[in-house]
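Following: one structure in structure tokens, then a few remarks.
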Amino acid sequence: LSSGEKDLVVIGSGPGGYVAAIKAAQLGMLTVCIEKYPTFGGTCLNVGCIPSK
């Protein structure tokens, strides 16, 4: 993660986080999204609700 000023920092890339980060970037904001997993989507999409069905 490079240092410097950002307009928006989104913590977590669940269903709300990644949409917020994408929309902010589309609106011209310098945006960074912090996620502990290697893929976006959060726990439900990657290891919880959807994969368990």
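Positions of Cβ are set from backbone N, Cα and C atoms, glycine also.
Now, the feature entries from Swiss-Prot:
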BINDING   Glu35, Lys36, Tyr37, Pro38, Thr39, Phe40, Gly41, Gly42, Thr43, Cys44, Lys53  FAD binding site
DISULFID  Cys44-Cys49  disulfide bond
Given Cys44 (disulfide bond) and Tyr37 (FAD binding site), what distance in Å do their CA atoms have, once rounded to a whole number?
12
What binding-site residues among Glu35, Tyr37, Thr39, Gly41 are found with a C-alpha within 10 angstroms of that of Cys49 (disulfide bond)?
none
Long-range same-chain neighbours of Glu35 (FAD binding site), Cβ under 8 Å, sequence gap at least 6?
Gly12, Ser13, Gly17, Gly42
Specify the count of other C-beta atoms within 10 Å of the C-beta of Gly41 (FAD binding site).
17
DSSP-derived structure type at Cys49 (disulfide bond), helix or strand or else coil:
coil
Chain-internal residues near Thr43 (FAD binding site), provided their CB is under 8 angstroms and they sit 6+ positions away:
Gly14, Tyr37
